Amino acid sequence: MNYKLLHIFRNTPFGRETFLQSLYFCKTINAHPVVYIPKTDKFLMYFANDVVQVNLDNSFLAFPDTAREHVIALFDEAGIPPRFYEPKNFTASTLPDISSQFDYMCSPRSISDLSSKIGLGLLGPKVRRMIKQATFPILIASPVFKAWQSISVFFGGSANAMNALVLGLKIAIASGFPLKIYTVLENDNEDVYRDMVRNSELEELVDQYVIEWCFYESSGFDRMLYEVPHDSLIVLGAYGHGVIKEILLGSKMEHIQSTVTNNLLVTGPNCRISLESATQA
Amino acid sequence: MNRLKRIYNLFYAKFFLFDDRLVLMTAGAVVGVFAGGAAVALRLSLASVLEFFAPYRQYAWAFILPGIGALCSFLFLDKVVREGAGHGVPEVIYAVSRRGGLLRFRSTFSRLVSSFLTIASGGSAGPEAPVVMSGSAIGSNIGKFLGLNDRQRMTLVGCGTAGAIASIFHAPVAGLIFSVEIILGEWKFINIIPIAIAAVAGAQISEAIIPEKELFQHHPFDIFAGDILGSIGLALFTALISVIFTRTLRRVGALAKRTPVSPWLRALIGGCAVGTIGIFMPIVLGEGYHPIMEMVSGTFPMAFWLIFLGVFLKIFVTAITLGWGGSGGIFAPCLVLGSLTGVVFYKAMMFVFPNAAVTSEGAYALLGMAGIMSGVMQAPLSSIFLIAEITGGYEAILLLLLVSSISSTLSHIIEPSSFYFKDLIERGEFMRPGTDARILSDLSLNEIIDTSYITVSENMVFREFINIIRNSNRNHYPVISDETGDYLGMVRVSSIRKYALDPAFYDMIFLNQIMDTDMVTASFDDDLHDVLEFMETFNIDHIPVVEHHRFSGMISKARILDLYRRELIMQTNIQ
């Protein structure tokens, strides 16, 4: 496989944890991390129908003299040759355009003086917008490095959830880790969900790679979150609602990411996941 | 909810999909109204605040006002809305040129606020570039909201520009021409109608809120034969001043970047310097519409040497304002500078030829504006129609044509790219529609790249490879490292003939011994135009795409040319 993950490096102990997570993710699925060391506190990502400005907090610009050295050391430790990303285009002199031609991206988290925003806090509309527009899944790394040993797919039956299931299978094939599916029954019985999988021609792969499919009553969402193994990579689909839709409809993803400490891999509505290369491998 | 969605889909299918021109015309009118509204809001707020500060400008402490304004403007842009630095118009051109007209939502208001802070406090800048940025961003975001494609969205960006210019100057024709000549760079039927509608909508909004006939009214001019010679002389003079202005703007901006002080302090220092000059020469402050009005109507009271000094001080304070952290455009400074230049030239001409039968000082101020704008923007049509519309000086249209043509041609010879385009050209990101570079840049490398190539291992024995090529019709086989998965080189069927014909080699050699490691590679960041040029120069038909040492696929010249033809047909069919 020839997958690339974009990682925005932060030269702080917190940033090291996130980068270790990216390295582990890449080693596990045989992808390659490409590191961007920011020189400005913001950058743009152009997608097909939107442009997203990512604002970084000052910690991303900390100790620029040692950033590259630290990245190389962590790459060496992981046994992966270092690769860096240098922006070629600039919308304005202080506003580089970062390519959106990646297969995965590790989402930068902001550090704020407000403790509620550190780690398990609000992801915010910016990351959600990126999830909405990106053609690749977004890895939201746990605040502290945690080597995941299994995969948990949250499957609710929507198109995004189906995408997440495909991605979960892809990661399971690449990593060899066991895969579990978690479903909260929303007025339907289990067969409805099984039929969805059958109709999408994933049944064979699901039978082969999924070790368990857990169903919960509609009120059992939080119980389900508790029962997900702490060292599991959670794969889920999200719509990437904006602020207004979030106020009106709420955000399951925000609830999940503020409740569990696991690594999350989120697919958005524009995410294109293909199993072709994974099954060939 | 579902019923609503069905009604919407039905309406969308019946109305919008019937003809996309209807979409663009409707959306263009909406964009024109919003862009016009934004321009009027900025103009009215500037007028009221400038009036409020006017009595205080004479005091010595007033020098600090532009400093505070520039500081607030910088902090607003950098810390509050976190926009990148820039004048506005080049960003819009970049968005159209390279990014399918995508502009951020925050750009709909950010430059309006920051330029308001800069200009209202006395900084020498114009409100026009910010309203262009704002209008274009409104168009882009409405296009995004409607889910339009790149070309439709770019037309709406043009609509926003036209609506904004039409509104702020009461000049719909100039809005239309500026949008097409500077921003979009292409005259197409599909663009012109929605942009014209947007320009009319913008002008009407402005007319409804600020009922004035022309921005700079004047008495009718009597044009004489001698004015032709006078106009030629003025055109040469304005071309020279335009080049000085463009170069000063860039050099002062570059100097600011090299100055070892923090950007906010730089904005404060620059603003205070502008304020200090403004105490002695108040006409250089602000957007300068009032002195223009006096010069066009022939009632400007200053002496020749002071006006001459004013020309250079205006250049300097504009460069300081924009280069050292303030926000705004060069449109209004061009108008002030042009009218000052015109008046200086007229006074000098009358001093040398006191009995010359020529038109009035006001007409030369007007011609000077056209000359400077044409020289700086190198967009003669926009300048001619803008000056004619904002002054109502249609009787001088022949002289306007003469001055604009000579000034833009001469400036182009001395300074081959206009102020708006220079940075983009230097960065290789200025691509006008219809050019090879633009058509190729509109193609995605993902469309061109062929990823179905069979990769082979570096340690593969030649016999095994022979079995692979026996069952494949490919001529290129990328060799991959077993250990890292990195791309190592390429095996070309044409270059292994001698081994293939001799079975003795089959078990003796490995692919890493015969692969071509010197084959040039491309990456996803490379411009297709450069890749194609490279293939032409070195006469190669295939080039591997290697991204971060990993083989991603191959690009073939035939595939590029196929898609180039398809894109060309698509772009020309739109007409």
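Just so you know, glycine gets a Cβ as well, placed from its N, Cα and C.
The following features are taken from TrEMBL:
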TRANSMEM  B:21-46  transmembrane segment
TRANSMEM  B:58-77  transmembrane segment
TRANSMEM  B:154-177  transmembrane segment
TRANSMEM  B:222-244  transmembrane segment
TRANSMEM  B:264-284  transmembrane segment
TRANSMEM  B:304-324  transmembrane segment
TRANSMEM  B:330-353  transmembrane segment
TRANSMEM  B:365-388  transmembrane segment
TRANSMEM  B:394-414  transmembrane segment
DOMAIN    B:449-508  domain 'CBS'
DOMAIN    B:515-572  domain 'CBS'
**OP:** Taking helix as H, G and I and strand as E and B in DSSP, count the residues of the domain 'CBS' (B:515-572) in helix, strand and coil.
**Re:** 27 helix, 15 strand, 16 coil
Original post:
Have the transmembrane segment (B:58-77) and the transmembrane segment (B:330-353) got at least three CB pairs under 8 Å, pairs 6 or more apart in sequence?
Top reply: no
Original post:
Most CB pairs under 8 Å with the transmembrane segment (B:154-177): which of B:222-244, B:264-284, B:304-324, B:365-388, B:394-414?
Top reply: B:365-388
**OP:** Can you tell me which of B:21-46, B:222-244, B:304-324, B:365-388 gets the most C-beta pairs within less than 8 Å of the transmembrane segment (B:330-353)?
**Re:** B:365-388
**OP:** Could you tell me whether the transmembrane segment (B:304-324) and the transmembrane segment (B:365-388) are in contact, taking contact to mean 3+ Cβ pairs under 8 Å with a sequence separation of 6 or more?
**Re:** no
Original post:
If you run through the domain 'CBS' (B:449-508) with DSSP, how many residues end up as helix, strand and coil?
Top reply: 19 helix, 15 strand, 26 coil
Subject >> Contacting positions for the transmembrane segment (B:304-324) when only residues 6+ beyond its ends and CB under 8 Å are counted >> reply: 66, 70, 87, 118, 123-125, 241, 244-245, 248-249, 251-256, 266-267, 269-271, 273-274, 277-278, 281, 283-285, 288, 330, 333, 336-337, 340-341, 343-344, 347-348, 351
Subject >> Contact call for the transmembrane segment (B:394-414) against the transmembrane segment (B:222-244), three or more Cβ pairs under 8 Å >> reply: yes
Original post:
What else in the chain is close to the transmembrane segment (B:264-284), if you only count residues 6 or more beyond its ends and a Cβ gap under 8 Å?
Top reply: 57-58, 60, 62-71, 73-75, 78, 121-124, 256, 291, 302, 306, 309-310, 313-314, 316-317, 320-321, 323-326, 336, 340
